[in-house]
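Novice: Below is a structure I'd like to ask you about.
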């Protein structure tokens, strides 16, 4: 053994080829500080052994290296610039040491080689992947750019255009696609991987392959003609900004770094990368996006723990077909859990099956599935008009019409057809789980399971714990949601649960602006372009449906009369009473037509302005800051109330619920990250300016205390 540490082992193979194996404790290899230090020491040991003629990098895991240890980032990025620069320079010295070894090097890549893992393989002369490999630099998704030489080496390996696409999108690349652009030199079967890498090194040692010429290309400037370079980078800037926009600076910074570094040798190019990396690491956007990644891991970790308590779900059922039932059936079946789709009407079953078939056909058309896989998934969906079909189901999801009496009747019926230990969950967005549980003989086997529409696109599922729901019931439904590929958060029962409870105060703020003559299209523009929502409040209400919004608003008003009670007609009422239901009937705040791709296209409609003018008078302009404050303050305070009341268990889960359930702008990180970034004291001062608008604008006592103590919701 040439070198050994808890994360890396180096041994000498025959023909004096050294093998460096990444073998960290746990299921994957990460580039944490310990691994980086070990790699540095391992390379020193390798350099000192004069017998070594070549080096192959391997992994003992199913993956190569999944990337840096992101749990270290927030603490590290909080350091001052000099400390951060020192860390980046020290890390890069290790990668340079690998690249500068006096003999050929190769990486044998299986599974993920992402971020620092990708930058490791770029520092070697040859790269051989097996068919499972996925390679990429996802750093821009975290608000930063690659910091271990990725922006320098990748363009010199695969060309500037390809590197720009890889880095600015942050997407993983399959082995075959990496081979096409020259990121890897060969793709082989998993069992042949190490042997193929070693053979390539033998050929390099025997001078059949020119490893030094390859290396020199990585150490030199890019060989791009000046005019071609100018056109390439100008085009890239336009395309990247069109996608990333002003709120996500990392992709544009990556283009700029690659452009500036293209005419430099390695040392100067790396310095350009270092400076840009440090600048981005200090941004609120990076903190927010890294926070989302960590919160996502936290939520998934809780779901994994729940899986240990869960009853295994091998068969499921959904009651109520149609679009929602079909979406749930598709999601369950496509992730491997057979499901019965039960309804009382054949047309509804047909609609549900058609919905599943449509989603699967789209997967096939995009090359993400095959006709054979599509047939297998459809065979996993059993349509039925008879309750007898659900008797072997481990979990039954009730998804009938959103009416308490109908749901209660169906829940009471279904209990008589399933086994004693079957779990029943209600897909409801507003109806109290404790109320529905009253119709159950075994309320401990019952909880809520709130899917968001469209089911196949929306990552969140709210699992609602009723006062009688057992831990096994909650754990089992959490595990089932995870198995379906969803991100579950567990919330306690209250009107609107968590997501709708915090959404409707936002709509109330919007209604308040319109009642004073606000222009809904102007409000949408501010909330989309400046705050960063994917849809403004008027557009969102049209998509949700004004009938749905009207009903849910009434539920919230009844549940929280002090804050959400209504004193008169609002804009939602005006649209609903005039049968303007939104996209579903082609007219709401906006009017809708179908574009050439069959998608709804919205246009401003004078009729809706006329109706609002009749109700609220002439239009009045509001400042953008006013619009943001009046819509967001109620949502933020209500989110804090949910945490204080134990409706949601942690800031992390609340923020993930908002990002995944409502599309809260990821670059802001969620309500609690936004509050911490703004400063709780600054938010309290802002809210106090609007406190005269009513209870929704009045902060809690606990918020005032936190503000007075200069506290935060996340611990750094």
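Glycine is treated like the rest: Cβ placed from N, Cα and C.
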Novice: Name the residue, out of 354, 379, 380, 453, that Swiss-Prot lists for the same NAD(+) site as 324, 343, 400, 401, 402, 407, 429, please.
Specialist: 453
Novice: 500, 660 show up in Swiss-Prot as binding substrate; which entry in 296, 350, 386, 394 does that record put in the same site?
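Specialist: Within the candidate list, Swiss-Prot flags 296.
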Novice: Applying a 10 Å Cβ distance cut-off over all chains shown, what neighbour count does residue 401 (NAD(+) binding site) have?
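Specialist: So the number of other Cβ atoms within 10 Å of residue 401 (NAD(+) binding site) is 9.
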Novice: What three-state secondary structure does DSSP assign to residue 450 (active site, for 3-hydroxyacyl-CoA dehydrogenase activity)?
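Specialist: Strand, per DSSP.
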Novice: Give me the non-local Cβ neighbours of residue 343 (NAD(+) binding site): same chain, 6+ apart in sequence, Cβ-Cβ under 8 Å, ordered along the sequence.
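Specialist: Non-local contacts for residue 343 (NAD(+) binding site): 319, 320, 321, 322, 325, 349, 352, 383, 385.
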Novice: Mind computing the max CA-CA distance among 296, 500, 660, which the record assigns to substrate binding, rounded to whole Å?
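Specialist: Comparing all Cα pairs, the maximum is 20 Å.
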Novice: Which of these binding-site residues has the least crowded Cβ, counting other Cβ atoms within 10 Å: 429, 453, 500?
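Specialist: Least crowded of the binding-site residues 429, 453, 500, by Cβ count within 10 Å, is 453.
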Novice: Taking the Cα atoms as reference points, how far is residue 296 (substrate binding site) from residue 400 (NAD(+) binding site) in Å?
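Specialist: That comes out at 30 Å between the alpha carbons.
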Novice: Counting other Cβ atoms within 10 Å, pick out the least crowded of the binding-site residues 324, 400.
Specialist: 324
Novice: Below 8 Å Cβ to Cβ and six or more residues apart, same chain only. Which residues does that give for residue 139 (site 'Important for catalytic activity')?
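Specialist: Within the chain, residue 139 (site 'Important for catalytic activity') has Cβ neighbours under 8 Å at 115, 145, 146, 147, 150, 167, 170, 250.
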Novice: Considering only the recorded positions 119, 450, 500, 660, which residue has the minimal Cα-Cα separation from residue 401 (NAD(+) binding site)?
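Specialist: Nearest candidate: 450.
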